[in-house]
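Per Swiss-Prot, ATP binding site is recorded for Gly169, Asp170, Arg171, Gln172, Thr173, Gly174, Lys175, Ser176, and the stated evidence type is sequence analysis. Marked as site 'Required for activity' by Swiss-Prot on the basis of sequence analysis: Ser373.
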Amino acid sequence: MQLNSTEISELIKQRIVEFDLTSIIYNEGIILSVIDGIIRIHGLSEVMQGEMIALPGNSFAIALNLERDEVGAVVMGPYSHLTEGMKVKCTGRILEVPVGHSLLGRIVNTLGIPIDGKGKLENKLFSPIETNAPNVIERQSISEPIQTGYKSIDAMIPIGRGQRELIIGDRQTGKSTLAIDTIINQRNSDIKCIYVAIGQKASTINNVVQKLEEHNALINTIIVTATASDSVALQYLAPYAGCVMGEYFRNIGENALVIYDDLSKQAIAYRQISLLLRRPPGREAYPGDIFYLHSRLLERAARVSANYVETYTKGKIKGKTGSLTALPIIETQAGDVSSFIPTNVISITDGQIFLESSLFNAGIRPAVNPGISVSRVGSAAQTKIIKTVSSGIRTTLAQYRELEAFSQFASDLDEVTRKQINYGKKVTELLKQKQHMPMSVSQQALVLFAAEQGYLEDINLKKINDFETQLLLYVKHQYHDFMKIIDQEGNYNDDIEKTLTEIISKFKTNASF
């Protein structure tokens, strides 16, 4: 069969019409160098700041330096397989991590990938790690407390839902323990917890997981880890990943608590990245935007209004406010709170809890220095009963410290001064608390009421701890319903004061101290 020229022409036209070529446009570049996890790329003319760059071997980098002729990017993970001349391409996406209730009880890395051996996440929700903080109109004033379970903190340095309270101190002063105990104390509350471990040993993180499991608190907690063996990029990004996981709960009208342990290591990781990218170093060799590194993270902690929640959920949730509370941890060197990173974070947060080595070594745990520890907004959220019964504790301790310093130089003290010093010692002893043993509101109220009303005056200093232990056992059996009401309502009135007085009077009559 022979085809004439007309038929051939028609056949070619038909094939041209039917031909379908899907063209995909890539913005490609070529790796110029790979040094210490930093890659320099020629090309990528359309890349965005913070965009993910697809690398060979199913790995990714994040673009941080956008220069005239090349792009500086940091590799997320191992980079030994990367060599000069390899092709890379833009993805058009910012880094996203999984969010939602399915993460509760799981241990994930910075990218939200589970590392606890419990299988894949059943999750369909993702969110970019960099989001804008709620503006002033979208926020609501802080009016509800977060109970840490520590008498000294809940009484003198109260923390509210939506607050940012810095925990600062030298190494081995109990900073992480305080944070972990705060998580343990939320096990029966509606607060979801996120613990972000930055630059820590894997064995340390394993101990934290075991403690949370022992106290049945892991079920309500997400642990985000970037260990010391992980790349600096993952250590730098870990707090933002943890923050966005907490923001999800805030935005749907729930309450979340995020702990960054610790931001000093994140700052060091970011300094390392910046120096490798050849950015100009500033004070202590940190880059010029180190303040912005922490401010854009901590400003995302807030209590948001019901309108904000309603808008975010597209009308599905109405009349509920949400909150994200942040407890960043900063490690100081030899108690120097005036160095660069500590002063930056102090100026960003709503207060700080300062833990002192000298107090810790003297056996005062938690080693809180009430003189320079402060909560700027938490008092508005403090439970009424705790606020009332602890009103004089800070003053008592301040007078005690002043008189104790004075007594070291004075040979003879009058009776009033001696009494004040002795009572200050007893209050200090009463505020001591063992780790992983948080106290309920009612227990704190009872013990602080005893201190405030002078019931410790006739008790020997060495018997203070026994007095507290036996008093709490006594009320647990004799006044269980009364204590439950205080835990639920937190109110304080004449009837409650009368009952508290009756409890302690009866206890002291029956017990001998």
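The backbone N, Cα and C atoms fix where each Cβ goes, glycine too.
Because the structure is a prediction, the values reported are computed rather than measured.
Annotated features, which come from Swiss-Prot, shown on the structure.
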| residue | record | contacts (Cβ under 8 Å, 6+ apart) |
| --- | --- | --- |
| Gly169 | ATP binding site | Lys175, Glu331, Thr332, Gly335, Phe354, Leu355, Glu356, Ser357, Ala367 |
| Asp170 | ATP binding site | Glu331, Thr332, Gln333, Ala334, Gly335, Leu355, Glu356, Ser357 |
| Arg171 | ATP binding site | Glu331 |
| Gln172 | ATP binding site | Ser357, Phe360 |
| Thr173 | ATP binding site | Leu355, Glu356, Ser357, Phe360, Ala367 |
| Gly174 | ATP binding site | Leu355, Phe360, Arg365, Pro366, Ala367, Gln435 |
| Ser176 | ATP binding site | Val208, Asp261, Ile329 |
| Ser373 | site 'Required for activity' | Met156, Ile157, Gly351, Gln352, Ile353, Phe354 |
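Compute the center of the Cβ atoms of Gly169, Asp170, Arg171, Gln172, Thr173, Gly174, Lys175, Ser176, which mark the site for ATP; besides them, the chain residues with Cβ within 8 Å of that center are Glu331, Leu355, Ser357, Phe360, Ala367.
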